[in-house]
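Novice: What TrEMBL records for this protein is below:
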type	residues	note
DOMAIN	46-70	domain 'Sodium:neurotransmitter symporter serotonin N-terminal'
TRANSMEM	122-140	transmembrane segment
BINDING	Gly128, Ala130, Val131, Asn135, Ser370, Asn402, Leu468, Asp471, Ser472	Na(+) binding site
TRANSMEM	152-173	transmembrane segment
TRANSMEM	194-222	transmembrane segment
DISULFID	Cys234-Cys243	disulfide bond
TRANSMEM	285-302	transmembrane segment
TRANSMEM	314-340	transmembrane segment
TRANSMEM	360-384	transmembrane segment
TRANSMEM	396-421	transmembrane segment
TRANSMEM	456-477	transmembrane segment
TRANSMEM	498-523	transmembrane segment
TRANSMEM	529-552	transmembrane segment
TRANSMEM	573-592	transmembrane segment
TRANSMEM	604-629	transmembrane segment
Amino acid sequence: MEKSASNAMQLLASEGEPLDCKDCKENGLLLKNSKASLRLTDESNKVHPSPEEKGEAGYISNGYSAVQNPTPCNGSGDGDGVLCPTTMPHTTSPSCVANTHLQQQQLIELEERETWSKKMDFLLSVIGYAVDLGNVWRFPYICYQNGGGAFLIPYTIMAVFGGIPLFYLELALGQYHRNGCISVWRKICPIFKGIGYAICMIALYVAFYYNTIMAWALYYLISSFKAELPWTSCKNPWNTLNCTNYFYNLNITWSEHSISPAEEFYTRQVLQVHRSQGLHDLGGISWQLALCLLFIFTVVYFSIWKGVKTSGKVVWVTATFPYIILFILLIRGATLPGAWRGVLFYLKPDWQKLVATEVWVDAAAQIFFSLGPGFGVLLAFASYNKFHNNCYQDALVTSTVNCLTSFMSGFVIFTVLGYMAEMRNEEVSEVAKDTGPSLLFITYAEAIANMPGSTFFAIIFFLMLITLGLDSTFAGLEGVITAVLDEFPHIWGKRRELFVLGLIIVCYLGALTTLTYGGAYVVKLFEEYATGPAVLTVVFLEAIAVSWFYGITQFCNDVKEMLGFSPGWYWRVCWVAISPIFLLFIICSFMSSPPELRLFEYDYPYWTTILGYSIGTSSFICIPAYMIFRLLSTPGSLKERILKSITPETATEIPFGGIRMNAV
């Protein structure tokens with residue numbers, strides 16, 4: 001480190017810049033003043049001076065904080081030369097201690113930012129985050145709801161021109177600037193910093209309901225350790241007279257009033273929705289589900305409390321295990337009678353569906369919800385990468401794996417739907433009366449119960465659902481943790497374990513409404529309103545801020561510094577125009593025709609639409625609120641305030657040999 005730093009100092013001296021400061025490098029970082037910025041040129045790999053706006057303070061992205069002083073360390077006041085951080089008061093002239101408030105806030109030395117132990121830890125973490133319950137639970141029922149194969153066309157288009165380009169954009173931003181979703185905007189466009197706060201709120205809303213689904217799966221998993229699965233019989237205390245067990249008695253006719261034992265187990269024993277009148281009367285909290293969720297959050301805490309080096313090891317199990325189970329279930333489903341009916345319904349497109357706006361809205365929401373741009377996770381994960389890691393290759397690999405997993409999961413689910421239709425002598429479209437999680441917890445659970453070795457298949461299936469959910473929870477909370485720790489290092493920098501504990505407690509308390517007897521109604525409300533529209537809006541503004549304010553040319557130059565090549569015209573056009581236009585269209589479509597929600601014969605009243613919009617707006621409001629705050633708190637005329645608010649506050653440090661230098 002010392003040798004490479006010395007070589008760089010000599011190179012700078014050869015370019016004509018004086019090096020008369022003794023402590024000009026600290027912890028492998030080279031600092032400069034505001035009039036002598038350093039640029040790396042790809043052609044000559046030399047450092048050239050260029051003018052730059054006067055710097056105030058820079059939080060260095062590799063984990064150290066330093067302040068750029070208005071005068072050199074020798075106190076000459078000529079404004080030239082290499083500057084030292086003001087962490088050595090006895091060597092600093094009076095002019096080096098200006099902007100005391102900023103110095104007190106940023107003169108905090110942290111341990112070097114941790115990185116992934118192995119490249120595979122990062123890849124598995126991103127794959128585990130992208131491949132989640134959305135692939136196995138949400139994608140099949142969204143596809144089912146929109147006419148099967150017709151949904152695959154808008155889904156693919158949205159992935160190619162929207163999801164994957166923005167997936168790549170976030171990985172590149174996080175890896176280059178090495179900051180979470182809040183602090184990164186100081187280096188891009190400060191006025192959009194509210195996007196980071198909105199992302200954190202969205203992540204909390206997801207944690208409020210997403211983990212409850214895992215609690216349901218855990219309840220099923222515990223109930224599966226029996227010789228006879230409890231949802232195969234109509235002789236249980238929770239069953240009603242409408243319970244119809246047609247699997248073991250072929251003479252029984254399935255009617256419109258028939259209810260399968262699997263459905264009654266899910267609705268009357270697990271959820272107990274019959275004890276709730278709706279959102280206006282949720283009822284009490286189910287203590288069984290409360291204990292299940294407590295166990296889930298306990299596992300989450302001890303998996304992420306130490307950082308990515310710990311969670312990076314856990315994902316070797318949680319990210320690979322689901323693929324083994326999916327492959328086993330796919331083979332089993334393909335051998336079931338009537339499986340071809342489900343596959344035919346899955347692949348045969350209904351072309352008339354393509355003219356329906358809701359199909360395109362669902363496709364966009366699904367691809368963004370699944371790939372995950374806009375949740376801050378990709379920024380956080382990529383910020384722990386090595387600077388020259390090939391994030392372009394990572395984006396293509398992980399996004400492709402995610403989409404293929406969704407497609408394969410469709411076969412896993414639809415072969416079973418075809419089997420159920422064969423057993424009931426119904427059409428595939430009539431098999432599942434309620435979309436949503438019930439497709440897994442009722443229809444699929446019922447099919448498993450009829451398989452030879454049903455106990456084994458039930459255990460591995462619900463264990464798979466839990467591992468899929470855990471990956472996404474690790475990632476979602478890590479996005480919030482990284483954002484807060486990077487933004488407030490002086491408060492939480494040395495207290496990660498305490499902050500994570502507080503975050504887990506907040507998430508658990510926020511999830512209590514989803515643990516009530518009417519909690520399933522709350523889950524669907526959060527899913528439809530609190531995440532989808534808000535995430536689309538955040539991703540839209542993020543693309544605009546990077547492409548139009550930070551500048552697509554500057555961003556592509558950043559990528560070239562990391563990877564050695566610049567993104568092609570396809571990526572540039574997607575970032576600048578195609579992706580934002582798609583997102584704007586979807587947002588406007590959703591606002592003009594909000595979804596009409598229905599679950600378990602319960603039609604959501606109109607006031608729930610207003611409530612849903614309020615929940616979604618509560619996160620998005622952070623963006624305009626911060627813009628107003630920023631403009632009001634910045635000194636100068638309105639024009640000066642705007643210019644300062646869209647100009648990066650701090651420079652990003654890029655590696656140069658064994659040291660880092662400011663990238664302008």
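Numbers run from 1 along the shown chain.
Just so you know, glycine gets a Cβ as well, placed from its N, Cα and C.
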Novice: Near Ser472 (Na(+) binding site), which residues of its chain come within a Cβ-Cβ distance under 8 Å, counting only those 6 or more away in sequence?
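Specialist: Within the chain, Ser472 (Na(+) binding site) has Cβ neighbours under 8 Å at Gly128, Tyr129, Asp132, Leu133, Gly134, Tyr210.
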Novice: Please figure out which one of 152-173, 360-384, 456-477, 529-552, 604-629 racks up the most CB pairs under 8 Å against the transmembrane segment (194-222).
Specialist: 456-477
Novice: So around the Na(+) site, Gly128, Ala130, Val131, Asn135, Ser370, Asn402, Leu468, Asp471, Ser472 aside, which residues have their CB within 8 A of the centroid of those CB atoms?
Specialist: Ile127, Tyr129, Asp132, Leu133, Gly134, Thr405
Novice: Taking a Cβ cut-off under 8 Å, which residues six or more beyond the ends of the transmembrane segment (529-552) line up next to it in the same chain?
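Specialist: Answer is 166, 169-170, 173, 185, 188-189, 192, 195, 198-199, 202, 205-206, 208-209, 364-365, 368-369, 373-375, 572, 575-576, 579-580, 583-584, 586-587, 590-591, 594, 611-613, 615-616, 619-620, 623, 646, 648.
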Novice: Please check if the transmembrane segment (456-477) comes into contact with the transmembrane segment (604-629), where contact means 3 or more CB pairs closer than 8 Å and the residues in each pair are separated by 6 or more positions.
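Specialist: No, the transmembrane segment (456-477) and the transmembrane segment (604-629) are not in contact.
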Novice: Mind checking which residues reach the transmembrane segment (152-173)? Cβ under 8 Å, same chain, six or more beyond either end.
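Specialist: For the transmembrane segment (152-173), the far contacts come to 143, 184, 188, 347, 349, 354, 359-360, 363-364, 366-368, 370-374, 378-379, 381-382, 391-392, 394-396, 398-399, 403, 407, 539, 542-543, 546, 555, 558-559, 562, 567, 571, 574-575, 578-579, 582-583.
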Novice: What whole-number Å value do you get for the CA-CA distance of Cys234 (disulfide bond) and Leu468 (Na(+) binding site)?
Specialist: 31
Novice: Counting only residues 6+ away in sequence within the same chain, which have a CB under 8 Å from the CB of Cys243 (disulfide bond)?
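Specialist: Within the chain, Cys243 (disulfide bond) has Cβ neighbours under 8 Å at Cys234, Ile259, Ser260, Pro261, Glu264.
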Novice: I'd like to know which of these recorded positions, Val131, Cys234, Leu468, is least surrounded, judged by other CB atoms within 10 A.
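Specialist: Counting other Cβ atoms within 10 Å of each of the recorded positions Val131, Cys234, Leu468 gives the minimum at Cys234.
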